[in-house]
Amino acid sequence: MQATVPVSSPLQTTSTVTDQTAHSTQTINMALVPAPPSETPLFAEVDMCSDSSATTVRATVVQASTVFYDTPATLDKAERLLAEAAGYGSQLVVFPEAFIGGYPRGSSFGATIGSRTAKGREDFRKYHASAIDVPGPEVDRLAAMAGKYKVYLVMGVIEREGYTLYCTVLFFDSQGHYMGKHRKIMPTAVERIVWGFGDGSTIPVFATPIGKIGAAICWENRMPLLRTAMYGKGIEIYCAPTADSRDTWQASITHIALEGGCFVLSANQFCQRKHYPPPPEYVFLGAEEDLTPDSVVCAGGSVIISPLGTVLAGPNYDGEALISADLDLGEIARAKFDFDVVGHYSRPEVLSLTVRDHPTNAVTFTSASAKTEASHK
């Protein structure tokens, strides 16, 4: 089934539903799901029918903006969105890249080759202050949210380790436990000024009762060897938090769904200029004079795609929204009948991949290693 998802709160909305068995398309009016009684909904959602004869997982991707430079307020917003998604029956909720901590779109941090500005250094200080420690109190709160609303939670954050920042995805189970993290191994372009590089020790795929879940962030998804590592771990629900709202992104993630024989859940922020601090505190370099408070600076495009490349929900470019679909897990086997990228379609005697999945540390203390060894004797 595929359907568009509303982003405002009219009494009804129009959705397009495709019957994949009959290969016919019809347009119908679908009533909006009522909001959970204890909450005023932020965004409305279409009620989507599910096939009771198949094993299904209801998944939601969140398309919403950070409260920039205000991590407590962003966590509050995340909880409201999570509560609403859970009220619609979602079992898995995926948030965008850098939702906690913020994606510093348009900022140069005052850096040019050979020099940095005083304002740029102060911008980094404030950005660093908005990041979170892992583990830390914000991680504890996110875990508590996942447990409270009984959902698997995939959350994009800016992680702070000392004075280095990482673009990271955190994973939580529906019992309220932190499962682990993925650090972006290759920041794109100017992102490299403010974010460190992850290593092979944080490329997890978690086996859960609702499927094997992992994530790659934004243009990491263009890295064939990283994707292959995740396929090798048996990923079934491939989360792709991003900051890319262009049409070419849709081509990339559709290809990944087909290549990996997996569901792809892509979540992006929908941001307007007013979601960032006003100038001169925050400046969109080279574009500020053309922007109004309502100017869209990231148009979203969040989407859910099946292992056969069918768009199940989205892409949405209209505003902040919850975008949901029921994932028929049987579709994975149907897709891999045609193409199993690390199975019958691999040629390991010709092509193979070695993943160095150990941590890489700048400093190792041999005395600490000796104490660890002694404690095990």
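Cβ coordinates come from backbone N, Cα and C, glycine included.
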Region 'Disordered' according to TrEMBL, located in which of 1-20, 241-260: 1-20
For GLU97 (active site, proton acceptor): intrachain residues, at least 6 apart, with Cβ closer than 8 Å: TYR103, GLY156, CYS167, VAL169, ILE217, CYS218, PRO241, THR242, ALA243, ALA267, ASN268, GLN269
